[in-house]
Amino acid sequence: MSEYVLELKGITKEFPGVKALDNVHFKLKKGEIHALMGENGAGKSTFIKIITGVHSPNKGEMYLYGEKVEFNNPKDAQVKGIAAIYQHVTNFPDLTVTENIFMGHEKVSPITRRLLWKEMHYEARSLLRQLGSTIDPKVEMGSLSVAQQQIVEIAKAISTKAKIIIMDEPTAALTARESEELYKIAEKLRDDGVSIIFISHRFEDMYRLATQVTVLRDAKYMGSWGVDEISNEQLIVQMVGREISQVFPNKHNEIKESILEIKNLGKIGYFADISFNVRKGEIVGLTGLVGAGRTEVCQAICGIAPADKGEIFIKGKKVKIKKPKDAMNFGIGYLPEDRQLQGLILSWDIGRNITLPSMKKYSQKGWLNPKREATVAKELAEKVSVKANSIFDLVSSLSGGNQQKVSVAKLLTADVEVIILDEPTKGVDVGAKSAIYEIINDLAAQGYGVLLVSSEMPEILGLSDRIIVMKEGRIATTLSKEEATQERILEAAMGSEPTNNREVVVEV
Amino acid sequence: MNNKSLAEENYLPNNLANKKEFSLKSFFLQWEWLLILILFLVFIINSILSPYFLDANSLLGATSTFLDKAFIVFPMALIMIMRDIDISVGSTVALSGVVMATVYNSFGFPMEIAILVCLAVGALCGLINGLLIVKFKELSAVIVTLGTMILFRGIAYIILEDQASGNFPDWFNYFGWGTAGNIPFILIAFIIVAIVFTLLLHKTTFGRNVYAIGSNPTASRFSGVSVDKIRVIVFVLAGVMAAVTAIFLASRMGSTRPNVASGYELEVITMAALGGISTVGGKGRMLGTILAVFIIGFLQYGLGLINIPSQTLLIIIGALLILAVATPKLKLPKFLLRK
Amino acid sequence: MNEHVIQQTDNIEKHTLSNKLLANISKFRELGLIVFIVILCAFIQWRNSSFLTIENINDMITNAAILSILAVGMMLVLVTRGIDLSIGAIIALSGMICAQLVSQFSLNPLLIILIGIVIGIVCGVLNGVLIAKIGILPIIATLALMNVFRGLTYRISNGEWVSSYQMTDSFLSIATGKVFGINNLIVIAIVIYIIFYYVINHTVIGRQIYAVGSNPESAKVSGINENKILILVYSTLGGLSGLAGVLWVSKFASAQGDTATGYELTVIAVCILGGVSIAGGAGKVSGVLLGALLLGILQNALPLLNVSPFWQTGIQGAIILIAVILNTLVKRSVDRNNLVRRKI
C-alpha cells in the first residue's frame with residue numbers, strides 16, 4: 001500500500017476558453033492536514049471539484065490508496081470515502097439536522113424500507129457530541145448559525161465514514177472563536193486518522209493547523225512544502241508570483257478635502273459604530289475577514305440595505321440614502337462584489353450595460369436616444385479598454401476581467417464623486433488585475449474618492465492611502481499607508497481579543 | 001515581467017465599433033416571421049374551410065368579437081418580461097365592470113362617471129397587486145395574484161350576487177359594436193393602445209428598465225433602476241387595461257355579471273407567450289404579441305364559422321400555449337443557430 | 001481560561017434553547033390553528049345550536065373529505081416549489097368519463113374508482129413531463145393543461161350532463177355508503193392520510209420530495225433524481241384528482257362540463273392555511289388536515305350563520321391573502337430576532 005491516501009498526477013482541466021488547471025500534482029498522507037493555497041482564481045475550487053467527482057479532468061491520473069480511480073459523479077467520490085465541506089453551506093434548510101446528516105445514506109429497515117428515525121437521531125446526536133457540540137438533531141438546519149451548520153456538515157462527512165475530508169474556506173464566515181472550535185475539531189479528526197485538505201486564504205489557518213502546504217498559481221502547480229520549511233514571504237511570492245510592487249502601478253494621486261463622511265453607522269446583526277471618511281483623490285482600503293461586515297457597510301452607504309443607525313455626510317451635508325438611486329444622485333457609485341449576479345446583465349450587450357444607470361442622462365424626456373447612447377458607451381468602454389469587437393458584443397461573451405471593466409465603465413456614466421469598489425479583482429486573471437489597478441489609480445488621480453473593499457492583502461497594501469480594518473462588525477483599527485503591514489492588518493482583523501463595544505484605534 | 005508591460009498590455013486603448021452590423025440570417029431568424037407564417041396559414045385554412053371567411057367587411061367586423069381581452073395582453077407582456085405574472089386580470093375585468101354597472105344602475109350616476117369609476121377600480125386592483133408584490137417580496141406574483149384573483153371575483157359576487165346588470169345608455173352599447181366607416185371602434189382603440197405600448201416598451205427608458213428588471217432584477221436595483229416603482233406601475237397598467245376590457249365587454253354584451261371574463265388570464269398569457277414573450281423574463285417584443293392576438297382571434301372566428309364548438313378552442317389554446325413555451329426550449333438544428 | 005470555557009458552554013446552551021423555540025414555531029402554528037378552530041366552532045355554536053349536532057358534523061366532515069384528499073397531494077407539489085392549477089379540470093374529466101362509463105356499462109364501483117385514478121395519473125404524468133423534462137414553469141404548464149382537460153371534458157360530454165337517473169345505485173353508493181357506520185368518503189380520506197403520513201415521514205422517497213423543494217442544487221449533489229420526484233408528485237396529485245372526480249360525481253350525483261371549476265384555488269387555500277410554504281421545502285400532513293377542516297367548517301357554517309353564499313368566494317380570497325401575509329410577517333420577525341441575537 002502506498003504511503004499516500006490520495007495522489008493526483010498531472011491533472012489538467014480545460015473549460016471552453018480557459019485552462020482552469022494545468023499539470024497539477026498533489027499528495028496527501030494519512031492523518032495529515034494539508035493546506036491548499038493560492039489566490040482567487042488560481043484553480044483551487046476546480047481542483048476540489050476534480051477530487052469530489054463534480055468535474056472530470058481532461059488529463060492526469062488520480063490514485064486512492066495507491067489504486068487508480070476515476071470519478072464520474074459526486075456519488076462515486078462519496079462511496080470511496082471522500083467528503084467535502086464547502087464555503088457556502090450547501091444543505092437543506094427546511095429539513096432537520098438528522099436528515100441533513102443522513103441525506104443520501106439514510107438508515108432504513110431492511111425489510112419494510114421504513115426510515116429508522118430513532119437510530120438516526122441517536123447516531124446524529126452521538127456524532128455531534130463527538131464533535132463537542134450539543135446541537136439538537138431534531139431542529140431544522142435553517143435555524144442554526146453558519147458555524148453550527150458547518151459542524152453538522154462535518155458530522156455528515158464523518159457519518160459517511162469519510163477518510164478524506166476537504167474543507168473549502170470553512171473559516172471564511174466564522175468569528176475567531178468559532179474558527180478556534182473548528183480547528184479543534186479538525187485536529188481531532190486528524191488524530192483519528194482522517195486526512196484533511198484545508199483550503200484557506202488565511203495564513204493563520206495554515207500555520208495553526210497544517211503540516212504540509214501546496215500552492216497553486218494561475219492554474220499551475222507551484223510546489224509543496226512542509227509548513228516549517230517555507231517562510232511567509234516565500235509563500236507570498238509563490239502565490240502571487242512577483243513582488244507586490246511589480247503588479248501595482250506607481251501612484252500619482254493628490255489628496256484633497258473630505259467628500260464622504262460616515263458617523264456611527266450601525267445595522268442590527270451586521271455592524272455597529274462605523275465612522276470614517278473618504279477624501280477627494282484618496283483610496284481608502286477597507287479590509288477584514290469575510291463576514292466582518294465590510295460588504296454590509298458598503299451596501300448601507302449605497303442604499304441597498306440601509307443602516308438602522310448613524311449618519312452619512314456628503315461634502316459636509318447630511319444626506320438620507322434609502323435606495324441605490326439616492327446614493328447615485330448624491331454622487332456615490334457602487335461596484336458590487338458579484339458582477340454576474342449584482343453588477344451586469346449578462347444577456348445584454350456592452351453598450352446597454354454601460355448606459356443602464358444613467359439612461360436618463362442620455363434620453364430626452366424618457367425617450368431613448370440610441371445614437372447618443374452608443375457614442376457614450378463606445379467612449380467609456382474604450383476609456384477602460386474593454387477588449388471586444390464592438391459595443392454590441394454580449395457581456396456574457398467577455399472574460400471576467402473585461403466584464404469587470406464594463407462594470408467600472410458603468411459607474412463612470414453617472415456623475416459620481418465617490419466610488420465604492422467591492423472586491424474589484426475577484427476572479428480575474430493577473431493581467432486584468434493589473435489593468436484594473438491602473439484604472440483605480442487613474443480614478444483617484446482624477447479626483448474621485450475611492451473606497452476599496454478587498455480581502456486580498458497585496459491589493460489593499462499596494463493601492464490604499466489609508467487602511468481600515470474591520471473585525472466582527474466593528475472597526476478594529478485604521479492604519480496609514482506607512483504604518484500598514486500585512487502582519488498588522490492580519491493581527492487587527494483576527495486579533496484573539498474580542499473587540500469591546502467601542503471603536504478601537506491602535507495607536508502607533 | 002515588469003509592471004509597465006503588464007499593465008499596458010491590458011490597458012491599451014482599443015477601438016470598438018458602435019454601428020451595428022446587419023446580418024441577414026439573424027434578421028430572418030426572428031420569431032415574428034414564424035408568427036406571420038402561422039397567421040397566413042390560419043387565413044388560408046379558414047378560407048378553404050369557409051367561403052365567407054375572406055370577406056374584408058366581415059373580417060374587420062370579426063375583430064370586435066375577440067379584441068376586447070386583447071387590451072390586457074400589452075401590460076401582461078410587460079409583466080412577463082419583468083419575470084412576474086398576473087392571473088387576477090380576469091377577475092379585475094369582472095369587478096371593474098360590476099362596479100361600473102352598479103354605479104350607473106343602483107347609484108344613478110351618469111355613465112361617464114361610471115366609466116371613470118370603472119377605470120379607477122381597475123387601477124386600484126392593479127395597485128393592490130403591485131403593492132403586495134413589492135412589499136412582500138418573499139411572496140411570488142403567482143401567489144399574490146392567485147389570492148386577489150379569488151378576492152376580486154368574490155367582491156364582484158358580493159355586489160351583484162348572480163344577477164346581471166345592464167340597461168346602459170344607447171351610446172354606450174353602440175360603442176362596442178359601432179364602426180367608423182368599416183372600421184370598428186374597438187379596432188381603432190386597439191391600434192392606438194398597441195402603438196402606445198409598443199413605443200413605451202421599445203423607445204423609452206421605462207421600457208428599457210422593464211427589460212433590465214426581467215433580465216437581472218438585482219443588477220437593475222444596484223444600478224439605480226427604481227425596480228419597485230416600475231413593478232407597481234406595470235401592475236396598475238394591467239388593472240387599467242382590464243377595466244378597458246370590462247368597458248368594451250359590457251358595451252358589446254349590453255350588460256355585465258360577476259362571472260364574466262373568467263379564464264381571460266389564460267388566453268392573455270397564451271397570446272403573450274405565443275407572441276414570443278419569455279415566461280422567465282427579459283425577452284420578447286410587442287410586434288409578436290400583436291400578431292399572436294390576431295392569430296388566436298381569427299382562429300377563434302374561423303372555427304366559429306365552421307361550427308366547431310367554442311370549447312374546442314380551449315383545447316387549442318392550451319395546446320398552443322404549451323407549443324409556444326416549449327418550442328424555444330427544444331434544440332434548433334445547428335445551422336440555424338447563431339454562433 | 002476557565003471563565004472563557006464556561007462562557008462558551010453558556011453560549012451553546014443559549015443557542016440550543018432559542019433553537020428549540022424556533023423549531024417549535026411550526027408546532028405553535030398547528031396549535032394556533034386548533035385554538036382558532038375551537039373558538040370558531042364555539043362562536044358558530046353560540047349563534048346556531050344546530051352546528052354541533054352529530055348529523056351536521058358528519059355532513060361537514062364528509063364534505064371536507066374530498067377537499068382534504070386533494071390538499072395532501074397539492075402539498076407535495078407545493079413542497080417541490082411547484083403549483084398545479086389543472087386539478088379542477090382533471091376532476092371534471094375523470095368524473096365525466098367515469099359517469100359516462102357507468103351510464104353505459106354499469107361497471108363495478110371499484111373498477112370505476114380504479115379507472116378514475118388511472119385517468120388522473122395520466123393527466124398528472126403529462127403535467128410532470130412538461131415541467132420536469134421540458135422545463136416549462138409549473139404555473140404555465142398546468143394552466144395550459146387545465147384548458148386542454150376542460151376542453152376535452154366538454155368534447156366528451158357534448159355539453160350535456162350525466163344525471164343521477166343515468167347512474168347505477170352501486171355507483172351512487174360510493175359516496176353514500178358506510179363502513180362501520182362511517183361514510184365511505186371519510187374512510188377513504190383517512191386511509192389516504194395514513195398512507196401519505198407514512199410515506200412522507202417514514203420513507204426515503206418522502207424525504208427526497210422535501211429535499212428537492214428545500215434545495216434543488218444540493219439534492220442533485222446528493223444523488224436525488226429531481227425529474228423523477230417532480231413527475232412523481234404531479235402524477236400523485238393527478239391520481240388523487242382522478243379519484244376525487246369519481247367521488248365528486250358519485251356524491252353530487254351529476255357530471256357536468258364545468259364540474260369543480262376553480263376548485264384548485266380552494267385546495268391551494270387549504271394548503272396555505274395549513275402552513276405549507278409556497279417557496280418549497282416545508283409543509284406537514286397534520287397542518288394540511290387542519291387547514292381542510294377549517295375551510296370545511298367555514299363552508300358549512302356560512303349558511304348556518306345566514307351569510308349569503310355569494311360571500312364565500314370573497315371570504316376565501318381574503319383568507320388566502322391574510323394567511324400568506326401573516327406567514328411572511330412571522331418569518332420576518334423570526335429572522336429579525338436571529339439578527340438581534342447575533343453579537344457584534
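Placement of Cβ uses the backbone N, Cα and C atoms for every residue, glycine included.
Curation plays no part in TrEMBL annotations; they are all automatic predictions.
Annotated in TrEMBL:
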TRANSMEM  C:31-48  transmembrane segment
TRANSMEM  C:60-78  transmembrane segment
TRANSMEM  C:85-103  transmembrane segment
TRANSMEM  C:109-129  transmembrane segment
TRANSMEM  C:136-157  transmembrane segment
TRANSMEM  C:177-200  transmembrane segment
TRANSMEM  C:229-249  transmembrane segment
TRANSMEM  C:261-280  transmembrane segment
TRANSMEM  C:287-305  transmembrane segment
TRANSMEM  C:311-330  transmembrane segment
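Cβ atoms under 8 Å from those of the transmembrane segment (C:261-280) belong to residues 26, 29-30, 33, 67-68, 70-71, 74-75, 78-81, 83-88, 91-92, 146, 150, 213-214, 287-292, 294-295, 316, 319-320, 323-324, 327 of the same chain, restricted to positions at least 6 beyond its ends. Contact count against the transmembrane segment (C:85-103) (Cβ pairs under 8 Å) is highest for C:109-129, out of C:31-48, C:109-129, C:177-200. With a cut-off of 8 Å between Cβ atoms, the residues of this chain six or more beyond the transmembrane segment (C:177-200) that come close are 58, 61-62, 65-66, 68-69, 72, 76, 206, 209-210, 240, 243, 247, 251, 285, 289. Beyond its flanks by at least six residues, the transmembrane segment (C:60-78) meets 84, 87, 138, 183, 185-186, 188-189, 192-193, 196, 200, 209, 233-234, 236-237, 239-241, 243-244, 247-248, 251, 263-264, 266-268, 270-271, 274, 276-278, 280, 283, 285, 288-289, 291-293, 295-297, 299-300 of its own chain at Cβ-Cβ distances under 8 Å. Sequence-remote contacts of a segment are chain residues at least 6 beyond its ends whose Cβ falls under 8 Å from one of its Cβ atoms, and for the transmembrane segment (C:136-157) they are 77, 81-86, 88-90, 92-93, 96-97, 100, 123, 126-127, 130, 255-257, 259, 261, 264.
Tertiary neighbourhood of the transmembrane segment (C:229-249): same-chain residues 65-66, 69-70, 72-74, 76-77, 79-80, 82, 84, 87, 90-96, 98-99, 112-113, 115-129, 131-133, 162, 167, 174-175, 185, 188, 192, 205, 208-209, 212, 255, 259-260, selected by CB-CB distance under 8 Å and a gap of 6+ residues from either end.
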